[in-house]
Amino acid sequence: MTSGGTTNSAIPGARVPDGGWGWIVVFASFMIHFIMDGITYSMGDVFLGPMSERFQGAGRGPISATWAILPAVTLGSGPIATVFTNTYGCRKVTMVGAVLAFVGFLMSGFWANIYFYYVSIGVIGGLGLGLIYLPAIVSVGYYFEEKRSFAMGIAVCGSGLGTLVFPFVMEHIIGKPWLLGFANGLKIEAAVIVICVIFGALMVPLPQESSEIRRRALKERAKAKRLALQSKETTSPNDEQRNQLLPPNRERDIPLQKGNILGRESTAVVPGEQQHPDGDNHRTSLPRIDETSIKIIDPTDKTPKKSIEQFEEDISTEPSVVISRKDAVYQGSLHNIALFNDDKEEYHRQVITTTDDVLLKPVAKTSFVAQLAKEIDFSLLKDGAFALFAVSNFLTSLGFNVPYNFANDLAKDAGVMDTHRSWPIMAIGIANCFGRVVIGILGDRKWINRLYLYNIALVIAGASVLFAPFCNAHIGTHIAYAAFFGFFSGGYVGLTSIIVVDLVGVDKLSSAFGVILLIQGVAVAIGTPVVGQMRDILTGTDRPYLWPYLIFGGFILISGVILFGIPTLQRRKERQQQPTQHQLDMGVLSYSKENINAPERPQQQL
């Protein structure tokens, strides 16, 4: 670490600011989470009532499908956003995503039609938010390494605060005192979403981002081609002109200006520069120069001459810079990964792709579909532990959005005062902030079993949903279950990437995360409309939400319970084949011992 906080490395270009403008990027990511998740998680609370009155007879199932499709597309488009981010960078993708989501929400404000909402809000808006979500995480990952866990924690807290603020504000905009209606409410949310363009612009790309390298390379390549066409080089100078420049059998000092030897009437280009023995970098000694190495350039053409071949040769000799990081979406402390602690330089070699790698191992251009397939590696499901983790995430996501979308309607059924019905989801939001921070800190402690912490968080979150339908007309009971759910569900979200690395390693994090996001998206699309439809069927009963909450809260609880089987699966696997040294170095935990947070590392032979 330098005094300014920058993380240095022997890998050329592998430098992370760990501060500076990075804190502006953290602020931008915080605000994007604030807006994106604030709107997404409050959709059911804000719009279910007004839309039910407008579309009488449609029922909660079809109406709630709108804000089921929205997060489903947002999550499912994660691999697409990854490909675009690697190609064009966080800044451009965020800005395009913000405009796309703005268009979708704005369109929905001009035509009140449920099926149109599926496309405008769900598909278009969801795809736009999906293009915003991933860069908001990756941009922080590029700027921070030693302080990444802390920076990520601040950034994602915007999600909880947005869930706290938006229900309260939008309730007063749509209803009393402003009475603007839900159509104008959608237009206002569109105007808020487009502000993310500004926050996207704050994501100044570091020199190591792949999009920045690509932009610079294309710019320089185009410039080189243009200059090559303009050049009027002469490769056969006459002897008299050459002898005037360089008298034979005589050593002379010639001042260099960017590799050019300047004469009164012509300019000779020397392809290399030698340092003078006295250390003077501005003058060089040329005792012997081959005639074929000298080019006489038209003195009237003052444009620098550089061919395509020369440009590519210069690129190959420049210090390498980072193109991509495999750990960019990792939200925990990098000290959880063994190799980062043991040999940081080797860790950088394993997880960072530089321009040197591209030059030494050139690969053929791949299509968008091929790049997308690379981000979703279903072969990882062959591993029993990861497959069980994927099933757990599917079950969790079936019920995860239910409390967000139906907390207001549940409070209404219980007889809670109209002015207090938004308090439960606001409690979820503020508790979510604390949960992400507290459980995130615990997850980085060496003495904490991260997997068990993750499982317990899911079990308690599921139990709180099971309790929800038994709440009475007192708002305190609703706030209690909401606070427990928000706290422990926030911890679950923060630990997900950490557990993925514990299972498959940081080098496979991106591909594994693509699979998890896709599975979560499918489950979210199913859960919310099914609960809404069940509520309509059970209308007239004493507790219409009893069975929907018991079933989908039970899914969350079960998703945590089944993960206690991962250590057994891993130990059975390790009896057949021990994890390799590379897997251990990349953060995969060995379950051969009781402490699963202390991976077995083979003793080095002396």
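Glycine residues also receive a Cβ, built from the backbone N, Cα and C atoms like all the rest.
Nobody curates TrEMBL annotations by hand; they come from automatic prediction.
Note that the coordinates shown come from a computational prediction; the quantities given were computed from them, not determined experimentally.
Long-range contacts of the transmembrane segment (21-43) within its own chain (CB-CB distance under 8 A, at least 6 residues past either end) are made by residues 66-67, 70-71, 74, 94, 129, 132-133, 136-137, 139-140, 143-144, 151, 154-159, 161-163, 165-167, 170, 189, 192-193, 195-196, 199-200, 202-204, 401, 404-405, 425, 428-429. What TrEMBL records for 21-43 (among others) is transmembrane segment.
Annotation comment: TrEMBL describes 63-84 (among others) as transmembrane segment. Residues 40, 43-44, 47-48, 51-52, 55, 93, 97, 114, 117-118, 121-123, 125-127, 129-131, 133-135, 368, 371-372, 375-376, 401, 405-406, 510, 513-514, 517-518, 520-522, 524-529, 531-532 of the same chain, all 6+ positions outside the transmembrane segment (63-84), place their C-beta atoms under 8 angstroms from a C-beta of that stretch.
For 96-118 (among others), the entry in TrEMBL reads transmembrane segment.
Among the features that TrEMBL reports, transmembrane segment is placed at 124-144 (among others). Residues 16-18, 21-22, 25-26, 28-29, 32-33, 36, 40, 69-78, 80-82, 84-85, 90-91, 93-94, 96-105, 107-108, 150-152, 155, 193, 196, 200, 203, 206, 208-209, 325, 327-331 of the same chain lie 6+ residues outside the transmembrane segment (124-144) yet bring a C-beta within less than 8 angstroms of a C-beta in it.
Residues or ranges marked as transmembrane segment in TrEMBL: 151-170 (among others).
If you look up TrEMBL, you'll see 190-206 (among others) marked as transmembrane segment.
Residues or ranges marked as region 'Disordered' by TrEMBL: 227-255.
Per TrEMBL, the feature compositional bias 'Polar residues' maps to 231-246.
Among the features that TrEMBL reports, transmembrane segment is placed at 384-402 (among others). Taking Cβ pairs closer than 8 Å, the transmembrane segment (384-402) reaches residues 41, 44, 67-68, 71, 458, 462, 465, 489, 492, 496, 499-500, 503-504, 512, 515-516, 519-524, 526-528, 531, 548-549, 552-556, 558-560, 562-563, 565-566, 569-570, 573 in its own chain, all 6 or more past its ends.
What TrEMBL lists as transmembrane segment is 422-439 (among others).
Listed as Cβ neighbours of the transmembrane segment (451-475) (distance under 8 Å, sequence separation of 6 or more from its ends, same chain) are residues 392, 396, 399, 402-403, 407, 410-411, 414-417, 420, 423-424, 435, 439, 442-443, 481-482, 484-485, 488-489, 491-492, 495-496, 499, 502, 543, 545-546, 549-550, 552-561, 563-564, 566-567, 596. Residues annotated as transmembrane segment in TrEMBL: 451-475 (among others).
The transmembrane segment annotation in TrEMBL covers 481-505 (among others). Residues of the same chain lying 6 or more positions beyond the ends of the transmembrane segment (481-505) and with a Cβ under 8 Å from any Cβ of it are 153, 156, 159-160, 163, 329-332, 336-337, 380, 383, 385-386, 389, 393, 396, 400, 403, 407, 423-425, 427-436, 438-440, 443, 450-451, 453-454, 456-458, 460-461, 463-465, 467-468, 471, 512-513, 516, 566, 582-583, 586-589, 596.
The transmembrane segment feature in TrEMBL is assigned to 512-534 (among others).
Taken from TrEMBL, the feature transmembrane segment covers 546-566 (among others).
Panel annotation: around the transmembrane segment (512-534), residues 44, 59-65, 67-69, 71-79, 82, 329, 375-378, 380-381, 386, 389-390, 393-402, 405-406, 496-497, 500, 503-504, 545, 547-549, 551-552 of the same chain, lying at least six beyond its termini, place a Cβ under 8 Å from a Cβ of the stretch.
Simply put, out of 96-118, 190-206, 422-439, 546-566, 422-439 has the most Cβ pairs sitting under 8 Å from the transmembrane segment (151-170).
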